[in-house]
Every structure is written in structure tokens, then in C-alpha cells.
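Participant: Sharing a structure, written as C-alpha cells. Questions coming.
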Amino acid sequence: MERFSNKRIKVNKLTDRVSSVIMMIEIFLAALIILAVIGGAGALIIDTLQSSTLDKLLDYDYFQSLLSYLLMLIIGLELGLMLIKHDPRNVIDVMIYAIARKMLIYSTATFDMLIGVVALGILFLIKFSFGKWNLTVKEQKQTNN
């Protein structure tokens, strides 16, 4: 019996080490994503300041590409957050921003818009139910203590 418990302890230690390494890799990747977003935001600011901003912002195509770029930066930040915090709501947030970007930038057909609106509605419903579920779990933990 003692032999099996020693093996179990060794396996648990190995599992903990592997989990720690994976967490460090995820944090490193999240930091890379965040640095890329910061660099992209800096490049966007420099580009905007160097050009005649007002004339460009009035141009529909430029505004659409600017909006696309900004939403891509937001999605990058949400991905970094998703890697650091392991919360299902972060995954839903990334999906919401990705669908919103697709709808605002690339959708021209009415059917595509309809599918996007339905998908966003479902995602918001899921996010709301996760929030409600988390509240009930917290309330149950508080009443048990």
C-alpha cells in the first residue's frame, strides 16, 4: 500500500510541475499578444497623427479599415486576458468581439447580418446565464460557510 501512495505522490508532483510550465507558457504568450497590441496601437496613433486625420476620417473606406484595426486590437487584448484568466466568460467576450467585427466590417448581405445578430443574442444569453450561475454558486458557498 505504501508503494502505491509513493507513486501517487510522484505522479501528483509531476502533474503539478507540468501544469506550472503550461501556465508559464500561457502567461508568456499572453504577454506577447499584449505587447503586439501595444505596438499596433502605437503604430496606429503615429499613423493617425502623421496624416491629415479629419480628411481621412470622413472617408468611408479609411474609417472602416480603422474600425477593423481597432476591433482587432480589442480582440487581441481579450485573447491575452483569456490566456491569463481561465474563465468561460472571457471566451464568450472574444467571440462577441469577433462576430461584431465581422458584422461591422465584412457583412453586406442581410442574411449575414441576421445570422450575426442571432449569434450575438445567443452569446449574450449564454454570458448572462453564466453570470447568474456564478452568483448562485457564490450565494451557496456563503450560506454553507
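Glycine is treated like the rest: Cβ placed from N, Cα and C.
Any TrEMBL annotation is an automated prediction that lacks curation.
Here's the feature list from TrEMBL:
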TRANSMEM  21-46  transmembrane segment
TRANSMEM  66-84  transmembrane segment
TRANSMEM  104-126  transmembrane segment
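On this model, are these features tucked inside or out on the surface, and what's nearby?
Facilitator: Within the chain carrying the transmembrane segment (21-46), a Cβ under 8 angstroms from the stretch's Cβ atoms is held by residues 66, 69-70, 72-73, 76-77, 79-81, 83-84, all 6 or more beyond its ends.
Same-chain residues lying 6+ beyond the ends of the transmembrane segment (66-84) with a Cβ under 8 Å from its Cβ atoms: 26-27, 29-31, 33-34, 36-37, 40-41, 44, 48, 57, 90-91, 93-94, 97-98, 100-101, 104-105.
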